[in-house]
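Report on the following structure.
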Amino acid sequence: MEVQESGSGSAESGTQEPSPVPSKTTGHYELPWVEKYRPVKLNEIVGNEDTVSRLEVFAREGNVPNIIIAGPPGTGKTTSILCLARALLGPALKDAVLELNASNDRGIDVVRNKIKMFAQQKVTLPKGRHKIIILDEADSMTDGAQQALRRTMEIYSKTTRFALACNASDKIIEPIQSRCAVLRYTKLTDAQVLSRLMNVIEKEKVPYTDDGLEAIIFTAQGDMRQALNNLQSTFSGFGYINSENVFKVCDEPHPLLVKEMIQHCVDANIDEAYKILAHLWHLGYSPEDVIGNIFRVCKTFPMAEYLKLEFIKEIGYTHMKVAEGVNSLLQMAGLLARLCQKTMAPVAS
């Protein structure tokens with residue numbers, strides 16, 4: 001991935017690394033950057049433009065249905081709902097919005113007590129506006145709580161709207177889905193994550209290298225929250241963003257090591273490939289960490305297309321076995337053996 005350099009913030013490859021800049025967090029508490037730079041308006045949200053434009057229509061017209069926003073973590077689901085509530089309610093936001101995290105408040109008592117009591121409260125709002133109940137991680141709610149919520153949504157439909165954020169909409173019962181407009185968010189692209197990172201870097205005056213930004217984007221995998229947390233953690237710990245510092249903070253198998261291991265497999269050199277695997281294993285990385293990074297590196301590895309297909313098929317098969325609980329070093333070594341076998345010259349009989 002190409003990363004554009006920006007003024008004095010970046011460092012040319014080959015230049016001497018500057019001495020670490022002491023973090024601004026020293027000596028006093030600083031707000032996490034995830035909260036500090038959380039968008040407050042819908043047009044500030046990065047990515048998922050089509051879905052956000054639908055929310056902007058809701059905000060303009062004021063007639064909001066119950067909504068479910070489903071998508072991966074760190075894509076802006078909860079932030080979008082809060083921006084919508086702010087656009088609709090303005091100064092009344094504090095009194096007219098109840099925000100609950102359903103992964104904590106997941107039982108039927110929450111629906112019967114907190115949600116029902118809030119829905120019954122009288123709040124003075126502009127004409128055509130409704131109170132909003134935000135349920136984050138709604139797919140963690142028990143079936144009993146969801147059944148109780150269905151009836152509550154019907155009874156208080158004249159005064160209250162429900163906004164649910166979840167990772168998987170299929171874990172929300174059908175009766176609730178049928179009462180809501182379902183909006184889907186996708187993972188953010190590398191370019192979208194990079195644009196927001198550069199915005200924060202410029203405001204916080206963070207020194208960085210291109211490979212450091214690539215490392216943050218690689219570890220984030222389309223999760224903006226993860227990217228900003230990794231950026232702040234690396235800056236707080238080292239005062240300088242480069243790939244070495246990022247992987248010290250994130251502590252996952254280094255993609256350069258994984259890339260070298262895949263190259264040995266392409267060269268059918270099982271001994272050297274196994275040495276790298278054993279090294280990663282002895283560092284304490286789990287099979288899930290290793291197999292996940294093997295897949296992510298393999299996707300962009302320069303090799304023949306037919307070979308890449310064969311490699312990914314074997315990686316997927318091994319990932320399935322690891323997920324089933326067969327997560328020994330022998331299982332991972334078997335993957336390397338099968339990958340090497342794909343590129344070995346046939347033995348003459």
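Every residue gets a Cβ built from N, Cα and C, even glycine.
Among the features that Swiss-Prot reports, ATP binding site is placed at GLY71, PRO72, PRO73, GLY74, THR75, GLY76, LYS77, THR78. Summarising the annotation, Swiss-Prot assigns compositional bias 'Polar residues' to 1-26. The N-acetylmethionine annotation in Swiss-Prot covers MET1. The annotation N6-acetyllysine is assigned in Swiss-Prot to LYS158, LYS299 on the grounds of similarity to another entry. Taken from Swiss-Prot, the feature region 'Disordered' covers 1-27.
On the structure: features taken from Swiss-Prot.
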| residue | record | DSSP (3 states) |
| --- | --- | --- |
| GLY71 | ATP binding site | coil |
| GLY76 | ATP binding site | coil |
| LYS158 | N6-acetyllysine | coil |
| LYS299 | N6-acetyllysine | helix |
So which other residues, same chain and not among GLY71, PRO72, PRO73, GLY74, THR75, GLY76, LYS77, THR78, have a Cβ within 8 Å of the centroid of the Cβ atoms at the ATP site?
ALA165, ASN167, TYR185, ASP223, MET224, ARG225
If you count the C-beta atoms lying within 10 Å of each candidate's C-beta, which of the recorded positions LYS77, LYS158, LYS299 ends up with the smallest number?
LYS158
Counting across all protein chains present, how many other Cβ atoms fall within 10 Å of the Cβ of GLY71 (ATP binding site)?
23
C-alpha of LYS158 (N6-acetyllysine) to C-alpha of THR78 (ATP binding site): distance in Å?
23
Sequence gap of 6 or more, Cβ distance under 8 Å: name the residues on the same chain that satisfy this around PRO72 (ATP binding site), in order along the sequence.
ASN167, TYR185, THR186, LYS187, GLY222, ASP223
What is the interatomic distance between the Cα atoms of LYS299 (N6-acetyllysine) and GLY71 (ATP binding site), given in whole Å?
23
Other CB atoms, at most 10 A from the CB of PRO73 (ATP binding site):
14
Tell me, if you would, which residue among GLY74, GLY76 (binding-site residues) has the fewest other CB atoms within 10 Å in the structure shown?
GLY74
